[in-house]
Amino acid sequence: MNFHEYQAKQLFAEYGIPVPAGRIASSADEAVTAAKSLGNGPWMVKAQIHAGGRGKAGGVKFCKTTDEVKQAAAAMLGTKMATYQSAGVALPVNLVLVTEAGEITKELYLSVLVDRGTRSITYIASSEGGVDIEHVAAETPEKIQTLNVDFVEGLQPYQGRDIGFHLGLEAKQVNQLSKIMISLYQLFNDKDLSLIELNPLAILSNGDLYALDGKINSDDNATFRHKELAAMRDKTQEDETEVLASENDLNYVTMDGNIGCMVNGAGLAMATMDVIKLNGGEPANFLDVGGGATKERVTTAFKLILSSNKVKAIFVNIFGGIVRCDMIAEGIIAAVKEVGVKVPVIVRLEGTNVDAGKQLLATSGLAIIPADDINDGAKKAVAAVTV
């Protein structure tokens with residue numbers, strides 16, 4: 001799950017990580033009130049969307065007067081903003097964050113993530129903040145420091161100090177960085193996060209470190225035990241179809257093709273998309289209906305797939321292990337009738353009671369195209385969209 005900047009900063013503050021004072025606003029007048037409550041300025045007005053790169057898109061403004069605050073907020077709120085990090089999607093700006101604007105002397109980069117290669121929580125730090133870390137890694141990799149944390153010992157204060165010395169910080173800042181890193185480690189573990197990014201982690205004119213911008217991602221599989229994080233979810237920033245899928249316990253990801261996929265099991269779903277690609281087609285989605293492919297779940301799955309007008313055919317690829325193929329076939333038939341599917345439907349069944357399932361499909365009176373195996377089904381799906 002993604003979070004807004006203001007939500008990330010709320011969590012930072014709870015764990016003692018220094019952040020500029022700030023308030024959110026949903027209107028230009030509220031933004032002015034927020035600015036006045038923070039002092040005499042200057043201020044930063046920042047659009048709150050689930051994407052980075054807001055500055056280049058006009059979503060971050062430096063304001064010296066409350067009139068400028070009002071103008072900046074009015075220009076952002078109620079609009080949709082696309083950035084180079086939003087994957088071509090324009091996201092709605094429903095809130096702005098108004099913060100104090102400190103005088104920056106140096107920008108650093110600091111992140112915490114799970115490194116699958118080393119199977120550890122890993123810190124990435126750089127003396128080059130305020131820019132994409134990927135660019136730094138490509139152009140000046142010597143400016144990046146990494147630290148893999150031993151999961152038994154945990155992060156030790158000396159490790160944070162060592163990173164600080166390598167970044168060229170002064171003694172006071174080295175100690176501040178060590179404390180920030182320890183706080184981030186605790187936050188990361190307490191909340192089951194998958195990413196924390198401070199970019200920039202800035203040195204202000206008084207010599208202190210502050211997290212001027214922050215990004216947090218949490219592990220969706222752990223959300224059930226963090227109701228306080230679940231309450232922060234902003235569905236307006238998400239794909240509507242994916243939101244509906246999650247509400248029905250379906251794993252759905254929108255893609256760019258025209259062949260809808262309905263599969264039980266994530267591994268089989270990925271294999272199905274691969275075989276479609278190998279046969280010259282393009283999948284329109286990833287959709288795992290799970291082990292219990294009931295009529296209700298299959299019906300919802302068809303509705304999700306057909307919510308995209310790009311879909312020209314649907315490939316249903318089901319392996320009946322625990323669930324019998326005849327029960328799955330009944331669910332498919334009922335769902336096709338209820339939804340009123342107008343595009344070709346190719347069905348491949350395999351597993352328990354497969355013959356009974358195929359017989360039900362064959363005698364259903366519906367224009368369902370049977371497939372013998374995954375490759376046959378993919379070929380027929382590709383043929384259906386290229387007619």
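The backbone N, Cα and C atoms fix where each Cβ goes, glycine too.
Noted in Swiss-Prot for the protein shown:
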BINDING   Lys46, Gly53, Arg54, Gly55, Gly102, Glu107  ATP binding site
BINDING   Asn199, Asp213  Mg(2+) binding site
BINDING   Asn264, Gly321, Ile322, Val323  substrate binding site
DOMAIN    9-244  domain 'ATP-grasp'
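Feature map: annotations from Swiss-Prot on the structure.
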{"residue": "Gly53", "record": "ATP binding site", "Cβ contacts under 8 Å, 6 or more apart": "Thr83, Tyr84, Gln85, Ser86"}
{"residue": "Gly55", "record": "ATP binding site", "Cβ contacts under 8 Å, 6 or more apart": "none"}
{"residue": "Gly102", "record": "ATP binding site", "Cβ contacts under 8 Å, 6 or more apart": "Pro20, Ala202, Leu204, Ser205, Tyr210, Leu212"}
{"residue": "Glu107", "record": "ATP binding site", "Cβ contacts under 8 Å, 6 or more apart": "Glu128, Gly129, Gly130, Pro200, Leu201, Ala202, Ile203, Leu212"}
{"residue": "Asn199", "record": "Mg(2+) binding site", "Cβ contacts under 8 Å, 6 or more apart": "Tyr109, Leu110, Ser111, Gly129, Gly130, Ile133, Asp213, Lys215"}
What whole-number Å value do you get for the CA-CA distance of Gly321 (substrate binding site) and Arg54 (ATP binding site)? 48
Three-state secondary structure of Ile322 (substrate binding site) from DSSP? coil
Taking every protein chain in this structure into account, which of the binding-site residues Ile322, Val323 has the most other Cβ atoms within 10 Å of its Cβ? Val323
Secondary structure at Lys46 (ATP binding site) (DSSP, helix/strand/coil)? strand
Of all the binding-site residues given, Lys46, Arg54, which has the fewest Cβ neighbours within 10 Å once its own Cβ is left out? Arg54
Among Asn264, Gly321, the most crowded of the binding-site residues [Cβ within 10 Å]: Asn264
Integer Å value for the Cα distance linking Ile322 (substrate binding site) with Arg54 (ATP binding site) is 48
Which state, by DSSP, holds Asn264 (substrate binding site): helix, strand or coil? coil
Rounded Cα-Cα span from Lys46 (ATP binding site) to Asn264 (substrate binding site), Å: 42
Averaged across the domain 'ATP-grasp' (9-244), what pLDDT does the model get? Just tell me the whole number, please. 95
So Asp213 (Mg(2+) binding site), by the Cβ count within 10 Å over all chains shown, scores 26
At the level of the C-alpha atoms, what whole-angstrom distance separates Lys46 (ATP binding site) and Val323 (substrate binding site)? 50
Taking only the Cα atoms, work out how far Val323 (substrate binding site) lies from Arg54 (ATP binding site), in Å, as a whole number. 47
